[in-house]
Amino acid sequence: MSDSPRTQYRTSPPAKLNLFLEILGRRDDGFHELDTVMVAIDWRDELQLEMTATPGISLAVQWLPSRSEVASDLGVEPDDPLLDVPTDGSNLVHRALELINDAAGYSGGWLVRLGKRIPSGAGMGGASSDAAATLRLAAAALASEDDGCLATLTGDRLVELAEQLGSDVPFFLGDVQSVEPTVANDLLRGNPGTLARALGRGERLTFYDLPHPHRFGVVYPAIALSTAQVYRHASVTEQPRSGLDAVNAFLRPHDNTDTEILYNALTRPACGLSPPIGEAIQCLRELGQPNASLGRHRSHCQMTGSGSACFIWLTPDGESIQEQRQSNDVNEAWLATIRERLPGGALVQTVATCPAAPEIHIA
Ligand SMILES: C[C@@](CO)(OP(=O)(O)O)[C@H](O)COP(=O)(O)OP(=O)(O)OC[C@H]1O[C@@H](n2ccc(N)nc2=O)[C@H](O)[C@@H]1O
Ligand SMILES: Nc1ncnc2c1ncn2[C@@H]1O[C@H](COP(=O)(O)OP(=O)(O)O)[C@@H](O)[C@H]1O
């Protein structure tokens, strides 16, 4: 490949929230059998790939808008390890490129720029989403440079590679099963799929179409938890709940004001490891909905994944476009109040549901 100007492949990997997570049992492979319901949200990283003639993977990572601004919001020093993201082979973006190089027999190189907004160790799937986006961008690049790759890198093949990268990674490929098994369809437009129930390790996915977007207030207290450590402190229940109840609550949102919908079996062990997580959930619960005037009294609050991020469901009984417009004004005041009430620094945002596999831009 000559060193002429290179084509850039870009996408914006979304984060995710676990609306429900039940642990069904411990597996022989050291993982846990799960029943979890995940939804993608528009709290996004930025990822850009270019193919290069020189072999090797060059990965540059930076926090957006800047490391110092993110550190300031979190109330930590800019050099705090909380903000360290690897640029070597331990970054899932790097590992995804190694896998796809082997799968496609590609011997050239990659130039990668990763802009981070999704906090690490937050239970928001940042690394997993970056990994899935890398698989899709690299497949798009290889398919545009070499037609032979279209036959090799089908949606199903990308799912196999995603499963090797992590339990949450397949979710961020979107509903690959619902489109023709060709790479081109999946990659450029992005796959359908916003909300999914996941069984197994998290790789057996069923996607559902949401009748309208849902909104959440998300709080990331300045705490990074090890997923493995939280699982180690979790217990298996004798009477598991079903994720289908949470799916139905989000598909038919008009009668949820008084029932507890959100559940996470990892919340108790995570709060045991880090009590400020419980404080953050309580702070959200006490403050409640920003639209209290609309008569929504119950506050649906929960931790996502293995933590430490927590969230409040802002649209438990559906929401008109008119209310959404009003909400945007109300939300800024609500966000400011949350930041004041939380002990210590935190990243606080209102988010909306979005496709798990975002569209790809080529320039
Ligand atoms: C907890 C969840 C909930 O969606 O998300 P996060 O909190 O990481 O975002 C997932 O189960 C995390 O998936 P992922 O982040 O891909 O974890 P992996 O790399 O596959 O596994 C990390 C470690 O978590 C534990 N693990 C993960 C998944 C699972 N079903 N059982 C487990 O016990 C294992 O100890 C494993 O070594
Ligand atoms: N692309 C990436 N972005 C962020 N963290 C990454 C990435 N690749 C690997 N990591 C590592 O993964 C861990 C956090 O993964 P992440 O998915 O962001 O959190 P969680 O699993 O809690 O959702 C950190 O230890 C971090 O060093």
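Here, residue 1 is simply the first one shown, and the rest follow in order.
Here the Cβ of each residue, glycine as well, is placed from N, Cα and C on the backbone.
Because the structure is a prediction, the values reported are computed rather than measured.
Summarising the annotation, TrEMBL assigns active site to Lys16 (among others). Neighbours of Lys16 (active site), defined as other CB atoms within 10 A of its CB across all chains, total 27.
Here TrEMBL flags Asp168 (among others) as active site. Same-chain residues at least 6 positions away in sequence with a Cβ under 8 Å from that of Asp168 (active site) are, in sequence order, Lys16, Met38, Gly125, Ser128, Ser129, Gly202, Gly305.
Residues or ranges marked as ATP binding site by TrEMBL: Pro119, Ser120, Gly121, Ala122, Gly123, Met124, Gly125, Gly126, Ala127, Ser128, Ser129. Secondary structure at Gly121 (ATP binding site), as computed by DSSP, is coil.
What TrEMBL records for 91-173 is domain 'GHMP kinase N-terminal'. This prediction places the mean pLDDT of the domain 'GHMP kinase N-terminal' (91-173) at 93.
The 6 Å Cβ screen around ligand 1 retains Gly123 from the recorded positions Lys16, Pro119, Gly121, Gly123, Ser129, ordered by sequence position.
The helix, strand and coil residue counts that DSSP assigns across the domain 'GHMP kinase N-terminal' (91-173) are 54 helix, 8 strand, 21 coil. Of all the Cβ atoms in the protein chains shown, 30 others lie within 10 Å of the Cβ of Ser129 (ATP binding site). Gly121 (ATP binding site) is surrounded by 19 other CB atoms, counting those within 10 A of its CB over all protein chains shown. A simple way to gauge crowding: the CB of Ala127 (ATP binding site) has 26 other CB atoms within 10 angstroms, across all the protein chains here. Ligand 2 lies within reach of Gly121, Gly123, Gly125, Ala127 from the binding-site residues Pro119, Gly121, Gly123, Gly125, Ala127, Ser129, judged by a C-beta closer than 6 angstroms to any of its atoms. In the three-state DSSP reading, Lys16 (active site) counts as strand.
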